[in-house]
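Beneath this line is the structure, given in structure tokens, with notes to follow.
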Amino acid sequence: MPLPDTFSESVRIAVIGGTGISALEAEGFTAVASLDIQTPYGAPGSPLTILKTPQNTPIAFLSRHGLHHELTPTEIPNRANIAALRSIGVRSIIAFSAVGSLQEHIRPRDFVVPSQIIDRTKGLRASTFFEGGLVGHVGFADPFDSELSKVVFDIGSDGVLNGEGVKMHKDALLICMEGPQFSTRAESNLYRSWGGDVINMSALPEAKLAKEAEIAYVMVCMSTDYDCWKTNEAAVTVETVMGNMHANGANAKHLAAAILKELAKEEHQDLVGAKHLEGLSKWACCTAPAGRKAEVVKKIEFMLPGYFS
């Protein structure tokens, strides 16, 4: 039976699934709606599935690469994804992503919470909501929300992850590359020389756009391989990635359920509501009211109503 296509409650938390996580199937979670939202930036990568947690908290789930993994990293409609989530009230995002490890101590099937990022995409992805008559410069010194990251790391370090020797790491440097091809060995070793810990293809501009939308954002990285720097390891292949991703999938769902249970507590409600980010984009706008193009203001106010008009 099809799910309802409307949902009247505000949804403050979203989970974005990446490679290997196209649905959020955790014990006690109940799907209650499926929303097809059209934004001024197009349609998101998948419908927004609204679920109720065992704590009766409504959350949104979005499959970054589409329901059938049909979107390459470059093709992901990042602006539509973030705008759609913010338009239904989302203020916190827990995003999952498969990554390659650039360091020996981060083993395949380990989980990582990054704190910094280096952008190695190639300018092919729309990376801002400020454009064409509306200029804004939102700070991005700390790309991942530190308080939300702490909650995620603490939960992940508390026996939630299954598997012998599986660890949760924090304060990692994430490299985001264009893809869809994997790195050359020279590139992989270059990123290691920069201090890179893990590498993926999807953190940007997702994290940048979330910050512009005043959404607290954290990425949970799931290590699938050693990229290709480790010469005594076979070069990374899709088969390697998908095999480890399958093993990571169950852990990701356990972790997501535990994080959402923790975030339902009263002590985290200001964090979940991103109170510390309110007004960030409004005050970052440099364009005088007389110079703001109405059509651009209308687009961005789809998710930030009344900010610039």
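Keep in mind that glycine also has a Cβ here, set from the backbone N, Cα and C atoms.
Over all protein chains present, the Cβ of Ala98 (phosphate binding site) has 24 other Cβ atoms lying within 10 Å. The DSSP secondary structure for Ala98 (phosphate binding site) is strand. Taken from Swiss-Prot, the feature phosphate binding site covers Thr19, Arg64, His65, Ser97, Ala98, Ser202, and the record attributes it to sequence analysis.
Per Swiss-Prot, the feature site 'Important for substrate specificity' maps to Ser183 (among others); the stated evidence is sequence analysis. Under DSSP, Ser183 (site 'Important for substrate specificity') is assigned to coil, being neither helix nor strand in the three-state scheme.
The Cβ of Asp225 (substrate binding site) has 25 neighbouring Cβ atoms from other residues within 10 Å, across all protein chains displayed. The annotation substrate binding site is assigned in Swiss-Prot to Met201, Asp225, Tyr226, Asp227.
Look at Swiss-Prot and you will find Val238 (among others) tagged as site 'Important for substrate specificity'. Counted within 10 Å of its Cβ, the other Cβ atoms near Val238 (site 'Important for substrate specificity') come to 10, all protein chains included. DSSP assigns Val238 (site 'Important for substrate specificity') to a helix in the three-state reduction.
In this structure the alpha carbons, written CA, of Asp227 (substrate binding site) and Thr19 (phosphate binding site) are 16 Å apart. For the recorded site, Asp225 (substrate binding site), the DSSP three-state label reads strand.
All protein chains shown were included, and the count of other CB atoms within 10 Å of the CB of Asp227 (substrate binding site) stands at 27. Listed binding-site residues: Arg64, His65. The one with the lowest count of other Cβ atoms within 10 Å of its Cβ is His65.
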